[in-house]
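Colleague: What follows is a single structure, and I will ask about it in a moment.
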Amino acid sequence: MLMAALRRLGQTVFVLFGISALVFAVFFATPGADPTARIAGKNASPQTMQKVRQEYGFDRPLPVQYAIMMKKLFITQDLASYADRGELVVPEIIRAAPVTVSLVCGAAVIWVVVSIAMGTLAAALKGTWIDRTLMMLGLIGISIPVFWLGQVANLITQNRYHDTWLFSWVPALGYVPFTQSPWGWFKALVIPWVVLAVLFIGVYSRVLRADLVALSGEDFIRTARAKGLSPSRILIRHGLRTAMVTFVSLFGMDFAQLVGGGALLTEVVFGLPGVGRLTYQALTNLDLPLIMATVMYSAVFVVLANAAVDMIYLLLDPRVRDAR
Amino acid sequence: MPANMPPSALLDVRNLRVSFPARGQMIPIVDGVSFTLNHQDILGLVGESGSGKSVTALALMGLIDAPGVQVTGSVCFRDQELVGMPQKKLRHLRGKEIAMIFQDPMTAFTPVYTIGWQIDEQIRAHERVSRQQARARTVKLLGDMGVPDPERTANRYPHQLSGGLRQRAMIAMALSCNPSLLIADEPTTALDVTVQAQILELIRSLRDTHHSSILLITHDMGVVAETCDNTMVLYSGRVAEYGPTSALFASPSHPYTAGLLASIPPLDGPRPLRLPAIAGAPPLPQNRPAGCAFSPRCPYAHTACTTALPPYIATGPDHFAACVLPQEGTPLPTRIRNELVQESPQP
């Protein structure tokens, strides 16, 4: 078990190296484009160009350039954005990350709890109108675009009905750090959480129901019934527990890509200064160092989260433990 | 079957019929099966694939839950009627009074829990015992079933055990609450031949060690001959023949039974170049012929066979066959060979 975990960790380090090299190559070793001009921004003076070339070592071989870039990203952390008047990129991301993590974790709690409840209930009542209604709701959730739902939520809670008793508690758009006021943090985030969770509730509850229904035809469920267990115990201890293996691998991927900046639309709609919005700004300003940094950040996060999921996998599925 | 069965019968099945809906009509997969099983008896249920063996077993346990299925007739277990018994009440019998062993031990355990956990679970579902007491019993059961190092095996996951060990664990789980009836649905089909023999030996011994009655479902006549006191042959969802195993093997009264027995290679005497086979295939349940379901393949078939269902005729003590031949005075020759069975077609 420990060996398996260590081996997984080794793989993670290797994959991270591969990704960093690839990202570096895409941005700085593309033939026919001078990275100096792109970092220095539009209409940069020759002096700035010269300074940038010096700083990043663009007149030296590629491996040296890669090493300088990694040093600037991870060790000295002084990668600066020229498009944004020398703003340091790494601290910017470090400031944005807690916002994104707060948003995604809250939403994840909501979508996991609600989708497990919905999926299990629908599977237990398979074929009844409750099952059909829940799955229809799930489908609606999947089909609603998150930016539209966010705008509608804003329209209702910030504008139209803000002065009614129902929504007068909703704060203005933006983020309140948890350390500053936990209650304010919660109030600022609860609507974005729900909006972000809706899509995933739809997907996960439908996947879980389908999984549970498929499992109900398995031999081991028949054994469990022959043992004289109650239907709820069979569904939860045998069916749901086994279905969790699929559920967790799905969750790992979605969670990682959201924390890595995939919640961009939600962050933009609700004015949350997270990593997604940072990426969005970097893209609109063509701010190359910032884009490079956010892509690296997101890649690192996806890989780390996948490693974490694999660890959970080891706990969840005994077959995986021995298979490696 | 007759009315003179002893009062001690543990299980008495009368006219059991299980029908599945298909294209707007009900297809009886099991069609009027009746038999009795006495205390500490081993009854073999034989038939080819699709003859309704497993469906019969699942119906006894109340485990058929496909939408629209109709189960009619009577299953009397210890003077309780099981057909139509509410699931909640049936649940307390399942696993406690009636236990079942399944064909494929590979898939019959939940993959994410240890063997011991799953056996404990069954014990604790039916009896108020502590976790430790349950585990102690589990370990003892596993040991009794010939599992080496039962304490460690209890903490292993199903995929870590061999097929034979898993089947032993399965039997241990089935016996964990001392059931009076054990249904074994092809318990040896998925195992190696050597392991098969060990498992059969184990099942045979259960009658003395655990005082269980056993309903053994198989398609292997050899297994039946070695193991069972009585044998019931199913053909196309109906009982073809029922009788004491020795009598049934010595003088089969139904042409189908005779054909099955003829397809076993003889141990002594000249061996046939090619094993005889029964020509044709069993009818699909939805187009069983009128009259005897075996008539299209039976060399003795005549008008009486195709017009009405054959009656059950006693051909010996406790020995019955659903065939008109004994009544008409044309008993089958013992171990008939050439006139009934034709050579199997060239592949």
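For all residues, glycine too, the Cβ spot is worked out from N, Cα and C.
Just so you know, TrEMBL annotations never went through curation; they're auto-generated.
Pasting the feature list from TrEMBL:
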type	residues	note
TRANSMEM	A:12-30	transmembrane segment
DOMAIN	A:97-313	domain 'ABC transmembrane type-1'
TRANSMEM	A:101-125	transmembrane segment
TRANSMEM	A:137-156	transmembrane segment
TRANSMEM	A:183-204	transmembrane segment
TRANSMEM	A:243-270	transmembrane segment
TRANSMEM	A:290-316	transmembrane segment
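Map the listed features onto the structure and describe their local environment.
Modeller: Sequence-distant contacts of the transmembrane segment (A:137-156), counting only residues of its own chain at least 6 positions beyond either end whose CB sits under 8 Å from a CB of the stretch, comprise 118, 167, 173, 191-192, 194-196, 198-199, 201-203, 205-206, 265-266, 268-270.
Sequence-remote contacts of a segment are chain residues at least 6 beyond its ends whose Cβ falls under 8 Å from one of its Cβ atoms, and for the transmembrane segment (A:183-204) they are 102-104, 106-108, 110-112, 114-116, 118-119, 137-144, 146, 149-150, 153, 157, 169-171, 174-177, 247, 250-251, 254, 258, 263, 266, 269-270, 272.
Beyond its flanks by at least six residues, the transmembrane segment (A:243-270) meets 99-101, 103-104, 107-108, 112, 116, 146-147, 150-151, 154, 173, 191-192, 195-196, 200, 203-204, 207-208, 211-212, 215, 276-280, 294, 297-299, 301-306, 308-310, 312-313, 316-317 of its own chain at Cβ-Cβ distances under 8 Å.
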